[in-house]
Each structure stands twice: as C-alpha cells, then as structure tokens.
Amino acid sequence: MQRTDTAPKPVSMPKLSRETIVNIAVMAILLALPLWASSIGEDYYVNLASLITIFAIAGVGLNFAIGQGGMVSFGHAAFFGIGGYTTGIAAFHSFEETLFVAMPFAISGTNQMLIIWIVAMVICGIAALAIGAISLRTEGVYFIMITLAFAQMIYYFAISWPTYGGEDGLSIYLRNQLPMVDAESALTFFLVCFILLLGAIFVSARLSGSRFGAALGTARMNETRLATSGIDPFPIKLTGFVISAMITGLAGALFAELNGFVGPSMLSWHRSGEIMVFVILGGVGRLYGPVIGAALFVLLETYIGEWTQHWQLLLGLALLGVVLFARGGVMGMIAGRARHD
Amino acid sequence: MTAALIFEQVLNGLQFGLTLFLMAAGLTLVFGVMGLINLAHGSLYMVGAFCCAWITQQTGSFWLGLGGGVLGAAAAGALIEMLVIRRLYDRDHLDQVLATFALILIFSEGTRMVFGSMPLYLNIPAALGGTMALPGVEAYPVYRLFIILAALAVAMLLYLLISKTRLGMRIRAGESDREMIAALGVDIKTLYTIVFALGAAIAGLSGALVGALRSVQVGMGEPVLILAFVVIVIGGIGSIKGALIGSILIGLVDTLGRIFIPVILKFFMENASANSIGAALSSMLIYLMMAGILAVKPKGLFNATN
C-alpha cells in the first residue's frame, strides 16, 4: 500500500445525520431527567417520565403500522386496553387467589410482570389477528373506520362485563413483581420502561430494515407492485398489524402497572386518537418520532393543565397547527424531510 | 312478550335509526363529494343541540330553538370549512383524521368554556308532549313519532335536492369528477362550503331533536358519530341510500338486540348470567354485524364509487 502523506490521518467521527443527533439528545434527556429527579427525591417527575416512555412505546407500535405499513389504525386503544386489562385481570386473580379459568384446565392469576407481559402480547396478537384479518380486506377510509368500530366493540364489552369492574374499572392493589429488582421503586420502574422502549425501537428498526420490512414498505407504497414481485401483500400487512398491536399492548400493560388501575377509558376512542397524536406530532415513520410526540403531549397536558383547565383547547389548536402547517411533525421541522420519502 | 311490545320497540328502533341517518347523511355526503373524513361532525351535532337548548331557554319557544340549532350548526360548519377543512381536501386521510380530531378538542373545550360542564335541559314542546294510541300500542310518545316523521321528511327533501335541483346536479357532478366541473366554470369552493354547511345543518337538526329526549352536554356527539361511521361503512361510503338503509338496520338491530337477547338467553341459562352476558353481547351486536357484512362485502352494501 502506497502512502504519500506521512502524517497520520485524524480519526474523524462518523458523520451523524441531524435526525440521529436529535434522537440521541431526546433519549439522553429522557434518561437523565428522571435520574436527576430521583436523586433529589421527586418521584412525581420520575413517574411523569415513565408515562412519557410508556406512551412512546404505544406510539412506536402504531408508528410501525402507519409509517411502515401505511395502515392507519384508529383502533389501537383496543390493544392498549387489552394489554392493560390482561395485567389487571392477572393481578386481580392473584390478589384474590381465585382461578381465571377453572375448566377444562386451571389458569390462575399471576403477579409476575414477565409472564404478564408475554401473555398480554400474545392476547393482543391474537386479537389483532382477528381484527386485522377482517379489517385488512378493506382499505383507506374504510380501514380507519373499521378499526375504530372494533375498538368500540371491545370498549362496550368491557363496560358491560361486570366481573372485572365494568364501567368502574379494576384496581391493582399491589404492583406486580419482577425477578431480582424492586418494581415498586419509581426509578426502577422507569428504567424498566426505558429499556423496553429501547427494545421496541430496536425491534421496529430491525424489522423495518429486514426483507419483511421492505415488503411491508412496498405494500404501503404500491400493493400491485409487491404482488407482481411474487409476494402476497395480505399476510405481510397482517403480520405487520399484529406486531404493531403487540408492541402497543405491552405499553398498555405497563400503563396499568404505573397507574395501579385499569378502566374502560384505556379502550376509549379518545385514547386511539391520542396514540395517533403521538405518532403524528413526532413525525410519521420516524423511529424516534413517537418519543418526541409523547413527551410533548404529556408535558402540554401537565403544564398547561396546571395553568388552565381548558388545556385541551390549546392542545387542539397546537395539533391543528402541526397538521396544517408543519407537515412531517416536530422531527420534520428539526431534521428535515425523512430520507425514504 | 307481546306483539304490542315488539311493535313499540320496532318504532323505537326506527326512531333511533333515523336520527342516526341524519348524522350519517352529512358524513357520507361530505365524504362522497369532497373525499373528506370528518370526525368533527359529532361536534356540529353538539353545536346544534346547544344552540337549540340555549335559544329555547331564552325565548321559551322550542321551534325558534330548533331553527336556531339548524342555523347555528350550519354557520359553524361553514366557518370551519372556510378556516380549516378547505385545506384538508388534498391531504391524506391521516391528516384529515388528526385535524378533525383537533377540531373536536377545540369544540368540546370551547363549549365547556361557554356553557360549563353541567348538562343543559331541553323540554319537549307542549304540543308534542303527550302520547297517542297506535294500532297495538296504547300510548306511544308523540315526540318520538315526530322525530320519525321529521327525519323521513329530511330524507325525502335530500333526495329531491340531489336528484332534481341544479345544486344537486352539481353535487353529483362533484362526486364523479371534481376537476371537470371546476373546468366547466362551477365555483367549486363555494359548492364545497355549501355541501359542508348542508351536512352540518342536518347534523345540527339531529342534535337538537335528540337533545330534547336526552340531556344536552359536552361530548354528546361522539357516541353518535361512531355509530354514524358504522352506518356509512355498512351502507357504502358516499351513498345516501346506503346510509338510510344502514341506519335503519343499525337502529333496529341495536334496539331489538338489547331487549330480546337477554330474553332469548334466559331459555339457556340462569337469569343473572343471561342478563350480564346479554348486556355484553347486545352492546357488541352492531359491531359484529358490521364485521360480518364487511367480511362479505368489503365496500359496504351500496358502494357509490364502484
């Protein structure tokens, strides 16, 4: 190898895109603030950060369906709520020491979060398989309305089913447990949520970069083209929808733990709208967009809510402003257009 | 379980279905002509009810209130069309959903700022307050019959407007090819505002009529809005005929289901569980029906844009 210059080349940092810098900054702030708040004994702010993190996970789930698959689901509250109710029902039976199912084989409740998470995600996956199998036969505005209607169906079911609280919801008296760590501690619970958020983003990123993700992205842009290349779009989209629902369901399970309560409001269509707001406020299809969206939403709600009880009016105006004038959301404003557009 | 009870419940179902039609007609018209999915339609229903209740309180006349409700909703519709909705026609459905979701927040909170969180009460006008005997039913509320007749009259007027007038011709032309009628010199912007205000006026009428049966409060439009979505999805988006048939179907299935499912279940199980399972099942019934219809016909029963 011939080298003409004798001086060693300076080791340069890889050039980071502006979006990457924003992502790193956002995650660093989200991690640092609760650590600091916990060190001065302000658990309130730690829980606020947990809430942001949980909403962000829900948003990452929906973002996979909308941003990658082009499936505008207006019913993700269904999965958020199913995840929450799984937690609530498992804890209820564990607390009461009763069986969830007695026949044909006994299933008891549990207070182990790891088991609950897996069960919650599996149930959400099955629900999404059923809802998706019917909804994905349609497209466009029909798909939006059908997912909304299915979520309403589950909402009314939860309201009118008296065993688990009906309209009043279900309290979780003791937070469920994790092996080796103390999940009761606000900071530990935040860190658990944070790690799961990183996990959700990682899964979403790896899937988007995989062959499956490429097929799903093509299904969003041009289904016919995907079909002519020999891949049936329907199972690809259904799989994407199921994965998206499972991630959102995990967020629901965490939300129930954080609040110590599950109720029908987790399933309401306002919740579906809010999860959609996280995605769009941050920027559709941006991996870390939902984190920004959820953070803005929670901070707006908390701080404007302290100042005036009519915070929803301002939220509405802010949202309208973003949709009409800042296409691409906050990430679009800071970091420019997404690469893949 | 007598024939009279069944007949009475069929009338109730018809009344419920026809008020849904008044909502669904505007939604499906706006979607058919402008391609817009409007979540804020429920807010216009609420505006109609609040205007009606307030004017009735001030003047003592329900009829002035009813007119005011229709005009108020139409004005609110025209206003948001010119300020916001107009910018959304070219956007994808995601942006439309979000912007109109934002409008719901603004309308609900704005109404709460003006009228407070307590519900308003709107009394049924004295002339329609009584009951009347129908074949098989001893006493059926006159006001509910009035709602049925008023909604049928609106359906008839809407049909005449769309199929017989120049405005209706332009609306139909806008549904099939909007660029072409703009090129033919029709002022498409004004046409869109008129269509939107028309849908809003019908929604306001529905809100004002139902407001006298139930309380007038913030958020009253949202359950109706979602049912109206189910109606137009079943009927086929953009089709007014589909909306009429879909809404009557939903009204009847929902009302009769709530009465008869627990009764039927009692043949198979004990009373308590029949009641709770019956309640859960009947509240899901219309959604199950929607799923069933869409599994067979993914574009609804009467798709206009086929």
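For all residues, glycine too, the Cβ spot is worked out from N, Cα and C.
From a predicted model like this one, the values you see are computed outputs, not experimental measurements.
Residues or ranges marked as transmembrane segment by TrEMBL: B:12-32, B:62-85, B:97-122, B:142-162, B:190-213, B:225-253, B:274-296.
With a cut-off of 8 Å on Cβ pairs spaced 6 or more residues apart, the transmembrane segment (B:12-32) and the transmembrane segment (B:274-296) reach fewer than 3 such pairs and are scored as not touching. Beyond the transmembrane segment (B:225-253), the same-chain residues lying 6 or more positions past its ends with a Cβ under 8 Å from any Cβ of the stretch are 10, 13-18, 20-21, 23-25, 27-29, 31-32, 39, 41-42, 45, 155, 158-159, 162, 175, 285-287, 289-290, 293-294, 299-305. Tertiary neighbourhood of the transmembrane segment (B:190-213): same-chain residues 19, 22-23, 25-27, 29-30, 33-34, 38, 41-42, 44-49, 51-53, 62, 65-66, 69-78, 81-82, 85-86, 89, 122-125, 143-144, 147, 150-151, 154, 158, 167, 170-171, 174, 220-221, 224, selected by CB-CB distance under 8 Å and a gap of 6+ residues from either end. A Cβ distance under 8 Å defines the sequence-distant neighbours of the transmembrane segment (B:62-85), meaning residues of its chain 6+ beyond its ends; these are 36, 38, 40, 43-45, 47-56, 99-100, 103, 122-125, 192-193, 196-201, 203-205, 207-209, 211-212. Away from its own ends, the transmembrane segment (B:142-162) comes close to residues 11-12, 14-15, 18-19, 21-22, 25, 124, 128-132, 168, 171-172, 202, 205-206, 209-210, 212-213, 240, 244 of its chain (Cβ-Cβ under 8 Å, at least six residues beyond either end).
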